[in-house]
Amino acid sequence: MAPNLVAVTTEKSNNNDFTLLQVHDSDSPMFSEKQKATSPKQFTWFLLLKLHRVVTCLSWLTSGLKATFALVKKRVSLADMSDEGPKSRGRLYRFIKIFLALSIGGLAIEIIAHFNKWNLHMIHPWEVKGLLQWSYVAWLSFREDYVAPLVLMVSKFCIVLFLIQSLDRLVLCLGCFWIKYKKLKPTIEPDAYDVEDPSNFPMVLIQIPMCNEREVYSQSIGAAAQLDWPKDKILIQVLDDSDDGNLQLLIKEEVASWKEKGVNIVYRHRLIRTGYKAGNLKSAMSCDYVKDYEFVAIFDADFQPNPDFLKLTIPHFKGKPDLGLVQARWSFVNKDENLLTRLQNINLCFHFEVEQQVNGHFLNFFGFNGTAGVWRIKALEESGGWLERTTVEDMDIAVRAHLNGWKFIFLNDVKALCELPESYEAYKKQQHRWHSGPMQLFRLCLPAIITSKISVWKKANLIFLFFLLRKLILPFYSFTLFCIILPLTMFIPESELPLWVICYVPIVMSFLNILPSPKSVPFLVPYLLFENTMSVTKFNAMVSGLFQLGSAYEWVVTKKTGRSSERHSESGLELLGKLKKSEAPPKKKRNKLYRKELALAFLLLTASARSLLSAHGVHFYFLLFQGLSFLIMGLDLIGEQVS
């Protein structure tokens with residue numbers, strides 16, 4: 001029997017009143033046309049159309065999953081695992097594996113309990129059937145009484161750290177807005193240097209430290225040689241630590257070609273190459289002729305300063321005898337090369353636009369970036385010169401100069417062109433060095449900071465903000481809160497994290513990070529996931545630096561591609577070198593697998609499956625997408641891909 005239908009029709013009368021007619025009988029003549037419109041044949045076609053859409057969707061999903069699994073299988077079979085030995089994995093990887101195994105076991109038990117509808121508050125002791133159910137009921141009681149309070153206490157501690165760091169980030173952004181609003185910039189004395197009288201220009205030393213930089217050495221030497229400064233007032237030192245004899249010849253030839261053009265340039269190669277970059281710079285500063293120079297500008301091998309770089313930076317020293325450093329900003333030739341470089345660009349734009357600019361304006365102190373900066377040589381000498389005790393020699397000399405009373409200036413509108421790491425492997429190694437070195441330095445500098453003659457405010461800023469908050473607390477809470485505690489709370493719902501911790505505040509903070517590079521706003525969500533994914537590398541580096549573990553002393557030169565020199569004409573020696581290289585059997589190059597990232601990927605995906613049982617909407621999606629981002633990183637599917 002067909003269900004009764006109800007229809008409402010309206011008829012307009014002459015006096016604009018409406019009459020409502022209600023029909024309850026589907027056999028009424030009014031429905032004759034409607035019955036024709038909803039014939040069984042058309043209803044069948046409607047169902048077939050819906051079925052076709054469902055089949056198409058399932059086919060698309062199946063083909064997508066098939067292609068994904070094929071890609072994963074190929075990547076696993078062809079991946080290079082040479083750098084993933086037991087030493088490189090360490091205790092953190094073992095901890096994550098144990099946590100993953102417990103999570104998988106817990107998920108299996110929770111699924112059984114969910115479908116059997118076991119509930120602690122509904123089951124009486126005499127209703128328990130079987131050892132498994134008894135164990136589950138006992139676990140629920142133990143979890144609620146002992147485990148949940150402990151997890152809740154740790155999570156609250158991490159949330160407090162998270163809020164403190166977010167407040168620091170907000171204050172930095174407000175400082176940047178204030179600088180923009182007031183149009184505040186470092187000023188130059190009116191009578192700094194007369195550009196029409198080169199005899200008044202100070203003596204400037206240019207240093208280009210490099211080590212096996214085959215792809216970029218020529219562009220940095222060429223850019224330095226074209227700096228607009230009187231030829232008798234400048235000397236370029238090419239500090240080559242390369243261990244490749246053929247590459248040494250190429251660099252010597254490049255230096256000789258510029259010397260023939262009248263450029264005052266010298267080539268230096270150390271026989272005993274100790275101390276990495278710090279040892280190289282220290283050796284160069286020991287030359288007798290250095291005493292004739294007042295300033296030294298440092299450029300890494302992939303940096304290309306504009307010809308007016310010195311004329312935009314050196315004048316700031318005039319009339320400021322306590323100014324020790326003028327730091328310029330970096331710009332990137334390959335920021336749009338791939339997703340990895342785009343996300344790095346967001347981070348570094350915030351670092352320069354906000355952190356460096358605000359600290360430089362309000363505190364006259366920030367960490368030296370190691371390149372694209374000009375030092376007063378007197379400041380270097382009075383601060384103890386370059387030391388080889390850490391892998392962050394740039395931050396080391398900056399802290400010691402600050403303790404000696406020297407001031408710094410950051411120029412946001414003066415830029416030097418360079419390139420970003422394009423592969424995840426190169427970026428990961430760079431970040432490990434950048435986050436382990438500051439913790440080494442903190443251990444070494446803490447006594448000197450405490451006993452220094454600077455003000456209490458400056459000491460507090462160095463210890464609590466510069467080192468602890470931005471170098472230690474940030475990687476600690478980011479990894480602990482979002483990669484350990486959040487998946488743990490899915491199995492301990494009594495200590496569940498509030499929604500604003502995992503969603504609202506991180507999105508707001510990520511949005512503030514993206515503001516200095518507004519074109520990157522579409523990458524807000526990938527950036528948030530990327531930063532959480534990198535937390536495992538930064539946390540591991542921070543711990544190794546703090547406790548002086550073996551990996552804290554690793555120095556790997558960041559791989560360069562030479563993007564801005566792709567059209568450079570090759571010399572005879574370069575062509576000969578490439579010919580010899582082509583004759584040698586090619587070394588197979590492969591993308592890598594990263595086990596810590598893969599283990600965390602499966603851990604977060606397991607936790608997301610558990611969150612489905614509790615109907616946690618936002619928690620589920622966050623864990624799902626964060627787990628997928630870890631999977632992408634672990635399979636090395638971001639950045640440069642090797643065929």
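Any Cβ shown, glycine's included, is placed from N, Cα and C.
Note: TrEMBL annotation is automatic and uncurated.
Residues annotated as transmembrane segment in TrEMBL: 92-115 (among others).
Away from its own ends, the transmembrane segment (146-164) comes close to residues 469, 473, 476-477, 480-481, 485, 488-489, 492, 494-495, 497, 501, 505 of its chain (Cβ-Cβ under 8 Å, at least six residues beyond either end). The annotation transmembrane segment is assigned in TrEMBL to 146-164 (among others).
Confidence across the domain 'Glycosyltransferase 2-like' (296-489), taken as the mean pLDDT and rounded to a whole number, stands at 95. The annotation domain 'Glycosyltransferase 2-like' is assigned in TrEMBL to 296-489.
Proximity of distant same-chain residues to the transmembrane segment (462-491), defined by a Cβ-Cβ separation under 8 Å and at least 6 residues beyond the stretch ends, is recorded for 99, 103, 106-107, 110, 151, 154-155, 158-159, 161-162, 164-165, 168, 367, 399, 402, 435, 438-439, 441-442, 446, 449, 497, 501-502, 531-532, 535-536, 538-539, 541-542, 546, 600, 603-604, 606-608, 610-611, 614, 616, 619, 622-623, 626. Residues annotated as transmembrane segment in TrEMBL: 462-491 (among others).
Residues 155, 159, 162-163, 166, 169-170, 173, 346-347, 350, 481-482, 485-486, 489, 521, 523-524, 527-528, 531, 618-619, 622 of the same chain lie 6 or more positions beyond the ends of the transmembrane segment (497-515) yet place their CB under 8 Å from a CB of it. According to TrEMBL, the transmembrane segment annotation covers 497-515 (among others).
Sequence annotations record features per position, and here TrEMBL assigns transmembrane segment to 597-613 (among others).
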